[in-house]
Amino acid sequence: MHRGIPKSSKTQTHTQQDRPPQPSTELEETRTSRARHSTTSAQRSTHYDPRTSDRPVSYTMNRTRSRKQTSHRLKNIPVHGNHEATIQHIPESVSKGARSQIERRQPNAINSGSHCTWLVLWCLGMASLFLCSKAQIHWDNLSTIGIIGTDNVHYKIMTRPSHQYLVIKLIPNASLIENCTKAELGEYEKLLNSVLEPINQALTLMTKNVKPLQSLGSGRRQRRFAGVVLAGVALGVATAAQITAGIALHQSNLNAQAIQSLRTSLEQSNKAIEEIREATQETVIAVQGVQDYVNNELVPAMQHMSCELVGQRLGLRLLRYYTELLSIFGPSLRDPISAEISIQALIYALGGEIHKILEKLGYSGSDMIAILESRGIKTKITHVDLPGKFIILSISYPTLSEVKGVIVHRLEAVSYNIGSQEWYTTVPRYIATNGYLISNFDESSCVFVSESAICSQNSLYPMSPLLQQCIRGDTSSCARTLVSGTMGNKFILSKGNIVANCASILCKCYSTSTIINQSPDKLLTFIASDTCPLVEIDGATIQVGGRQYPDMVYEGKVALGPAISLDRLDVGTNLGNALKKLDDAKVLIDSSNQILETVRRSSFNFGSLLSVPILSCTALALLLLIYCCKRRYQQTLKQHTKVDPAFKPDLTGTSKSYVRSL
């Protein structure tokens with residue numbers, strides 16, 4: 001059995017010669033493999049195999065290890081009479097071993113994959129933290145030059161508003177007490193006519209001159225482009241807002257039948273608030289100003305009061321209501337088409353029923369307070385009905401949409417002293433951040449409430465790269481300007497600390513009655529409780545908290561930006577000085593060009609004059625050299641010795657061949 005093992009292992013290694021080697025790290029296994037290699041080398045030398053003769057020793061050692069592993073596996077296999085049966089069990093055992101190795105490698109692969117996943121997530125987290133840190137405003141560096149963040153709010157935009165119509169009946173239905181109040185109602189109608197007729201005339205003029213645009217063709221394509229046209233000749237002078245509002249008025253007055261049915265309903269109604277649903281499924285709220293007073297006060301008192309007293313009470317009530325109408329619709333008398341009425345003024349016309357109106361309109365939620373504070377609800381007069389004495393208002397109430405991730409920051413600048421000059425850093429009053437991006441923020445169309453900035457349009461616009469570097473902490477990129485007069489903040493309270501320019505205002509410690517001095521080399525003074533718990537500054541006594549800012553900021557440690565001018569007069573003066581200096585520089589450049597041209601010409605003439613004697617001297621030197629060389633050659637020829645033809649040399653002792661050659 002032992003002799004058959006090498007044969008089987010040899011057969012196995014021939015079939016598995018393409019399997020990659022499996023190196024081992026154990027010392028004993030290496031020694032055993034070397035011994036096995038030494039014992040089997042003689043057998044392999046007797047059987048020459050061309051496939052293994054040229055292979056390296058490492059391959060042979062790996063084959064030896066595979067034989068050893070196979071021999072260990074064969075020890076657990078029962079002995080069979082037939083040797084071929086033994087060989088048939090070898091691939092099965094090997095496959096089991098391979099499966100066991102794969103099963104052992106699978107959890108390792110899973111662990112390595114999880115490690116790679118965590119590594120990638122960690123890298124992404126660090127990258128996001130790096131970007132966020134780069135994107136954040138560097139408040140510490142900005143505080144050294146007097147820039148302090150005072151507030152940050154969310155950014156919301158008013159989207160396209162929803163429109164709804166509100167009908168206000170200006171005269172109550174007093175049919176039950178008509179006999180006692182006929183005179184008072186007549187006088188009140190005259191007052192209403194003096195208010196409503198100018199508005200009605202302006203609305204009628206605009207709506208009559210806005211007509212449907214008739215299509216020139218009869219085809220479907222031409223009819224699709226039909227709209228409205230404005231008769232500009234009849235209007236005379238009209239602003240863009242009036243023209244736009246006039247077209248809206250025309251569109252709201254197209255359904256005259258609905259207005260007629262509304263008039264009939266209001267004449268028969270005694271309810272103060274009534275919801276009338278028209279065919280267009282638009283909710284119209286009808287409000288009668290003094291109807292509740294008539295129904296709840298005057299009608300029940302008819303049995304206890306005289307008819308004259310009832311009329312007087314109704315007259316006083318109507319006169320008060322008329323005064324309120326004048327205060328509300330006064331701007332509409334001057335511009336009845338494009339004038340807007342705020343919700344705060346409209347509450348008087350609604351008789352104090354603002355909560356019921358909001359409930360009828362279905363407007364509720366956390367944004368209602370913000371809209372009321374921002375005066376987002378607007379109304380316009382769209383129709384005046386003189387016979388029925390009612391007006392129709394178009395209410396537009398917006399929907400707020402918060403822009404996720406955008407934070408609006410408010411910046412305040414505190415002045416600082418450099419020697420005897422007082423400076424302050426010029427930065428925008430509001431900026432916005434969104435991740436890595438920093439942008440300018442135009443607050444002209446925005447209203448700031450407790451936690452939000454509500455804007456009627458997009459207020460974000462790009463910021464210059466230089467200003468972005470300033471906001472991110474590069475103080476050398478922050479421009480500064482001189483303080484003119486009393487402009488600029490001398491101190492500010494931030495994080496419980498006082499950031500003050502004690503060189504320009506008096507800073508006093510109220511607790512110890514000592515003056516807080518600021519040395520000339522300091523820019524600002526940061527006062528906390530460790531310096532003085534109770535500070536008197538600029539006439540105000542402030543109790544400060546723990547230290548949140550550095551004790552002092554020295555001028556030498558801060559890189560200050562360039563100096564600029566913001567005042568119009570200063571800008572104009574500086575611009576004029578710059579232009580004057582440019583003109584002077586141009587004159588100097590022209591004069592320098594003339595001097596250079598003169599020097600160039602003079603240098604050319606001097607060079608030409610200097611070249612003549614140099615060439616003459618060179619020619620004379622060459623001639624002199626030639627003459628000297630010729631004379632030297634002649635002297636050499638004269639000194640040469642001449643041979644006498646009669647001279648015969650002594651040839652004694654010379655060979656005959658040499659003599660013959662001579």
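A Cβ is built for glycine as well, from the same backbone N, Cα and C atoms used for every other residue.
Listed features, source Swiss-Prot:
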- 136-608: topological domain 'Extracellular' (TOPO_DOM)
- ASN141: N-linked glycosylation site (CARBOHYD)
- ASN173: N-linked glycosylation site (CARBOHYD)
- ASN179: N-linked glycosylation site (CARBOHYD)
- 225-249: region 'Fusion peptide' (REGION)
- 250-278: coiled coil (COILED)
- CYS446-CYS455: disulfide bond (DISULFID)
- CYS470-CYS478: disulfide bond (DISULFID)
- CYS502-CYS507: disulfide bond (DISULFID)
- CYS509-CYS532: disulfide bond (DISULFID)
- 574-599: coiled coil (COILED)
Nearest of the disulfide-bonded residues (CYS455, CYS478, CYS532) to CYS502 (disulfide bond) - Cα to Cα: CYS532
Distance from CYS478 (disulfide bond) back to ASN179 (N-linked glycosylation site), taken between C-alpha atoms, in Å: 79
Euclidean distance between Cα atoms of CYS446 (disulfide bond) and CYS470 (disulfide bond), Å: 25
Nearest recorded site to CYS446 (disulfide bond) by CA-CA distance, among recorded positions ASN141, ASN173, CYS507, CYS532: ASN141
Among ASN173, CYS455, CYS478, CYS507, which are recorded as recorded positions, the nearest neighbour of ASN141 (N-linked glycosylation site) by Cα: CYS478
Between CYS532 (disulfide bond) and ASN173 (N-linked glycosylation site): CA-CA distance (Å): 71
Residues near CYS455 (disulfide bond) in space but at least six apart in sequence (CB under 8 A): TYR155, LYS156, ILE157, MET158, SER445, CYS446, VAL447
Per-residue Cβ crowding (10 Å cut-off), top of glycosylation sites ASN141, ASN179: ASN141
Rounded to the nearest Å - Cα separation of CYS507 (disulfide bond) and CYS532 (disulfide bond): 11
Fewest-neighbour residue among disulfide-bonded residues, criterion Cβ within 10 Å, set CYS502, CYS509, CYS532: CYS509
ASN141 (N-linked glycosylation site) in three-state DSSP notation: helix
CYS532 (disulfide bond) versus CYS478 (disulfide bond) - Cα distance in angstrom: 31
Taken over the coiled coil (250-278), the model's mean pLDDT: 62
